[in-house]
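Feature annotation from Swiss-Prot assigns transmembrane segment to 9-29, 50-70, 82-102, 115-135, 161-181, 187-207, 235-255, 275-295, 311-331; the stated evidence is sequence analysis.
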Amino acid sequence: MTELFFEYIFPLIIIALKVVAITIPLILCVAYLTYAERRVIGLMQLRRGPNVVGPFGLLQPIADAVKLLFKEPIIPTNSDKILFILAPMITFILSLIGWAVIPFAKGVVLADINVGVLYILAISSLSVYGIIIAGWASNSKYAFLGAIRSSAQMISYEVSMGLVIITVLLTTGTLNLSGIIEAQRTMPWWIDLMLLPMGVVFFISVLAETNRLPFDLPEAESELVAGYNVEYSSMGFALFFLGEYANMILVSAMTTTFFLGGYLPPFNISWLDFIPGFFWFVFKVGFLLFCFLWIRATLPRYRYDQLMRLGWKVFLPLTLFWVVLVSSVLVYTDNLSNV
């Protein structure tokens with residue numbers, strides 16, 4: 001019995017504890033990201049932001065959660081009720097399981113698999129299904145149009161995201177996310193410089209992937225009322241809301257891993273090694289999240305034709321050219337990694 005426990009049950013308990021240790025702080029981070037967004041945008045617009053519930057408004061996310069929890073869930077009469085309820089759950093769950101392969105510090109990762117990049121790409125591709133199901137099951141033309149927009153937008157920018165990731169794989173030689181970070185420790189400065197434009201393209205692409213300004217066309221209030229979640233209330237709306245912000249944190253962590261060295265000190269400065277890698281990871285993710293909020297506060301929304309033109313006529317040719325350029329330079333300098 002003891003042997004059975006240590007061989008089968010104990011590893012499952014450890015995995016469950018790791019999942020809880022990642023999920024609960026992440027949900028808290030999502031809740032307080034909404035608070036940070038309102039405060040940052042308030043300061044940029046010369047107003048206070050939330051400041052009533054608790055000291056400095058710090059309990060506002062909890063008040064919002066309690067309000068949504070006790071609201072009545074309203075299901076439209078002619079909707080597909082099972083899919084209508086299932087859609088926000090799919091979106092929220094997919095936004096959490098992507099974290100399984102993200103390394104928070106050296107050796108601190110839930111599943112250190114050799115195909116972590118493929119796993120992340122698969123999860124990001126699946127996330128559109130929750131939105132499409134929500135738009136179709138709501139039996140509303142506004143929700144359906146928002147879902148169609150979202151699917152077209154995400155497919156368009158996933159192409160350029162994939163090509164950008166290929167340039168990273170060419171320079172690092174591994175699909176393991178921890179391996180990508182460690183490869184950046186010894187990467188020549190000129191390769192970092194060559195990847196910089198792709199880092200900018202990747203960040204703009206994930207803005208579109210997460211439906212954030214200036215690419216929030218699926219939720220355009222002036223055109224589609226509220227987009228694919230227009231018929232949702234109570235916890236259904238809350239799960240979509242949590243999923244969107246959890247995806248923001250996830251894509252910031254991906255950008256940090258691919259282009260900013262993950263848990264490594266900035267510019268690989270050796271005398272900063274005494275600071276834990278987890279601190280640097282959180283600092284870099286926090287900086288990128290601030291960029292998300294800054295962009296929302298300052299940029300107007302693109303028209304839909306401008307959004308598509310940027311994805312297919314600018315980013316796709318640029319990333320294709322850059323893959324060829326990086327490959328040629330690496331072959332010429334004998335730095336091509338064997339993926």
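Note that Cβ sites are derived from N, Cα and C of the backbone, with glycine treated the same way.
Of the candidate ranges 9-29, 82-102, 187-207, 275-295, 187-207 has the most C-beta pairs within less than 8 angstroms of the transmembrane segment (161-181).
Here the transmembrane segment (115-135) does not lie next to the transmembrane segment (187-207) in space: the count of CB pairs under 8 Å, restricted to residues six or more apart, is fewer than 3. With a threshold of 8 Å between CB atoms, the same-chain residues lying at least 6 positions outside the transmembrane segment (50-70) that come near it are 31-32, 34-35, 38-39, 42, 234-235, 237-238.
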